[in-house]
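Note sheet for the following structure.
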Amino acid sequence: MDRHFFNVSITSLVHSTIPIGTRKITDSSFQTYCGLFCVVINPWRNIPIYSDEVKQLYQHRNDLPPHVYSVAQNAFHGILKGGRNQSILITGESGAGKTENTKKIIDFILSSSGSHNTIGDCVVTSGVLLEAMGNARTTHNSNSSRFGKFIRIEFDENSKLIGAKIECYLLEKSRVVSQSDGDRNFHIFYQMLSNYFDNPHKSFLKLSKKVDQYKYLRNDDPMIDDAETARLTDEAFTKIGFSEEEKRWIFQILSAVLWIGDIKFGERSGLDVTYVESMQEVDNIAELLEMKNSKLVDALTQPTIKVHDKLIRKNQNLAKTLSSASAMAKVLYERLFGWVVKRCNDAFSVDDTSSSCRNSRFIAVLDIAGFEIIEKNSFEQFCINYTNEKLQQFFNHFMFVKEQSDYLEEGIKWTQVNFANHLQPTIDLIEKPMGVLSFLEEECVVPNGSEKSLLEKLCANLSGDSSFKKSKQSQKCSTIRHFAVQHYAGEVHYNIDGWLEKNRDNVETSVLDILSQSTHPLLKVLFPPVPANNIKARRGTITNSTVSFLYKNQLQCLLDTLNTSSAHFIRCVVPNYEKLPGKIDAPLVLAQLRCNGVLEGIRICREGFPSRLPHSEFIERYSLLLKNKELGGSEKEKCAMICQDSQIRKERFAVGKTKLFCKIGVISELERKRNDYISSFIVLIQANIRYLNIQKDLFERRRKAEAIVTIQENVRQFAELSQWPCSSIVRKQQKSKFKRRWKKWRGKVERFVETVTMILRSCSVSLPYFVRPLLTLNSISRTTFFQKLLEKEREFRKTMEEMEQNEEIFSVLEKKYNDQHKKVMKMNDILRDYERKIEQLNMEKTDLETDNLKLKEAQNRQDSHYSNLEKELLEKTSQIDDLQNQVQKLLDETNEQRITIAKLETALEDEKSRFTRQNNTIGDMQKLITELNEKIARLDNVALNERNSTRKVEREKEKLNDELNTAKEIIQKQAKKIDELKEECRKRGNEVSRLERKLEDKDAMMADCVKELKDSHKERLKEMEQKVEDVKRKNSKLENENSTQRSQIETFQRESSVDSDYGRSSSGRLSTLGRQYSLTSIGSFSSIRTVGLSRKDSVSDMTSSMYSLRGRRDSTYDMTSSIISSGNGLQRSPSTSQVMEKERRIQELEKLVLS
């Protein structure tokens, strides 16, 4: 395990040192500390640094190398100490390992808390569900998270796990309907179609086609085992608490989403009317979602709008119908995903009313995408970069603003540095009332809002801001850029195409209505019916439902939560996009470190004092470094004395009123010295203890040795005595002699007792008074005598038992002695056998030595032969090297020729790109065709410029042809040299000739391409001139129609002015004229509409081959503005209401005249 760890500290801001440090990381641990960041590099291979052994190691020690487990353990210690809430922020690019590290950290926290209950299992299981529904394969990552998540793990006062909560941000729901090249849809769709589910289940879901036959699914990955992941997802649904019926509901909605993409729509030619070509897909969707198929078709092709409490059905073109279908699929998936997240939260949520919840603390893990700068930065990148800008400001404020206030409170000399404030201009540019988000929301509300007017507002109002500027189009960049924002990670150019649609996130009301009217149980939950009064109340508050408004509030809530916690930062880095282990792409890594704020964090950490300890704690922990010196004075003086004695420079620490502040590395240096001192002291104590233990062991060994010696002496004596033939007779005689003595002495005692008793009995009658006292004395003495006698008997028995035991011991020792004697005899026999074998081996040895001498002589002969062969081999290799050098020279020359040819090819590619750019410039100029008179002159200039450019291209082509001819001549010379090579180089020559033929083919192809480009360019110029003439004719036609309309309006105005002077008798005629007037105005309206339609048709016909719908709309707008500005525009005719008002006034005048 230790070979995978290497503590690398990157604290230098020299950019050249960053790749060197990262290479050290990949050679060892793949993880390091950069300031307050833990930087984790994806190794692109499996390494044993997340095993249970490593997990247990980090749970019990805090002096281990950098690791995400160390960050998680620090957060868990913060909870155990009863401090603030903890948060861990994980950011990085797609494929950097954010999701995997998030899972490892959550698993470590749950394991450290000792949670083996259902809550911990549900938290882990929910991750499987969120991966299935929120992750997808991309070009850089096979399991990329397409949403941000904020996971809160709740603990009670006793640091016991009581619940968790998951919040999700910015789900990439557009992936449901479209994916980029090399990407897949969300995993859940492929799992649903895998072999894990049987055919009856698929037939129930109407899934009768293969994966690649669905429009919304593409790029199936055989490396991903969808069947196995489907099994894990199904088990996760069950563990979380989803019933079988609820799982069927979920898969029905997912199947309906796939079928929505396969609906085939058609459009009637010349009319904005769409229809469904095949009803099979619609029937499947209606059956899955439990709704009527006719209502579904009407909602998609003919949605209804409400006008004055009346529902009016409107037709729409094919593009809008497809957009409505896509919006329906996205809103279904989005709400289904939100419901699954809610159910997961319900499975391990906490009761907010309980006392444990009110006093709870949490560890939160934030997994969100890092700063993004890609080729085309759109609305999604803007939101992500805005989020990272706020998070970087949070880090700066967390790291430095609070610290500077601590410095001032502690009385440390410090120059104020605005590390946190330099991000504020960019954030103000986005958030302020007249900022980017404000203008975006305003443009989403106003009628006829467009990206063009949004860009005009941004450039007009924000051009004076230093963080904003309008992008300039470059010929080197094929992507259109509209404006740029100066972020902390660099300048980012954004393209605003589609921003309004993405921000509105509109779904047709008719689509929401049919979904809310469905009888499907889950759809009733996802789309509850909205009361009519709520719909009226929501009018005028459209901005409150835009994506930017909701996300801004959600982000503010997230930052408020983070501000109440102690934050830890992890940055994940992709070493290379090829997924090769051990390879470091230095520019790529440096760009990620800059985008992730690591370089900014290192700069901040190098300036400040990130480590601090209270005086008492510092003195208590590090006073032992003074060894035998005495501490005197105040606590501040003691702290300074410890630092000075530890040889720490003055600029690396500062002593405050209550705390000691240190630069990065000071505390680790003091810890190292403290550990070294404690280790040496412990070694000394251990040495003394070992000395005492050895002395005790030595004394015990000596005592045992002496005892063994005495035992051995006794055994030897006993052995010697046991060999004496009379020893057993002597022991038996001693026993019998002792017994005889005992019997003799006992008989004497018994006879003496009998004589005494007889005497006493005879004297008892005559001498009762005299003998009675003597008898008492005698009885007493007798009892004492018998007691002594019993004691002697017991002693005798003991001695007899000891003798018997000794005899048994002696018998055992005799047996052992006999056995040992037999073993010695056997060993002697074996020794004799070995001696005989040794003699035989010696004889064999002499024979082998003679054979060895013979072999040595043969070996010497072989060595001499081999030496001769080696000399010959060296000569041959030298010849081969010479030949190879010659071949290498020729190959180098051919490579140089290839390089020149490649340069020529790049030059031709540049010419192609120039042609494409010229076509783009032609398109840009055609956008200005709406200003008709000016447009003709501009097109003439463009035509002249194009003729000049074609002449330049022809001249450059001639130069390229000359260079190609010279290259061919050089190749022919090289071919002659190659033909002169020896037989060993013939294969090389054949290969070079093959390459020459290939190059000639390429030359011919390039010449054909240049010719085709010239022909196509000429044809386009002719088409453009013809279209200009068509526009002139249509312009003259419009002017004629305009003049006729103006003459009609003037005649009508003159008639109305004359008729107003008549009295009551002319009232009928006036009313008749009024009706004619209104009909005339209506006719004028229709003529205006026809003019507008014809004008649009003309422009659309003119630009349909080269422009999109947006270009057509812009050109029409510019044409109308040019007509009005030139004075030839149509004047607006009076409306019907104005005519009615005039008639009413005339009638009033007639009444006055009559009165």
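Glycine too: its Cβ is placed from the backbone N, Cα and C atoms.
Predicted automatically and left uncurated, TrEMBL annotations should be read as such.
Between the listed ranges 462-483, 946-967, 1122-1143, TrEMBL ties the annotation region 'Disordered' to 1122-1143. Among the ranges 555-577, 670-692, the stretch that TrEMBL annotates as region 'Actin-binding' is 555-577. In the three-state DSSP assignment, the secondary structure recorded for G92 (ATP binding site) is strand. The secondary structure of G97 (ATP binding site), as reduced to three states from DSSP, is coil rather than helix or strand. For the binding-site residues listed here (S94, T99), the lowest count of other CB atoms within 10 A around the CB belongs to S94. Counting only same-chain residues at least 6 apart in sequence, those with a Cβ under 8 Å from the Cβ of A96 (ATP binding site) are V40, N42, G370, C572, V573, V574, Q592. It is G92 that, of the binding-site residues G92, G97, has its Cβ surrounded by the most other Cβ atoms within 10 Å. Annotation for K98 (ATP binding site): spatial neighbours I90, T91, G92, S145, D367, I368, A369, C572, criterion Cβ-Cβ under 8 Å with sequence separation of six or more.
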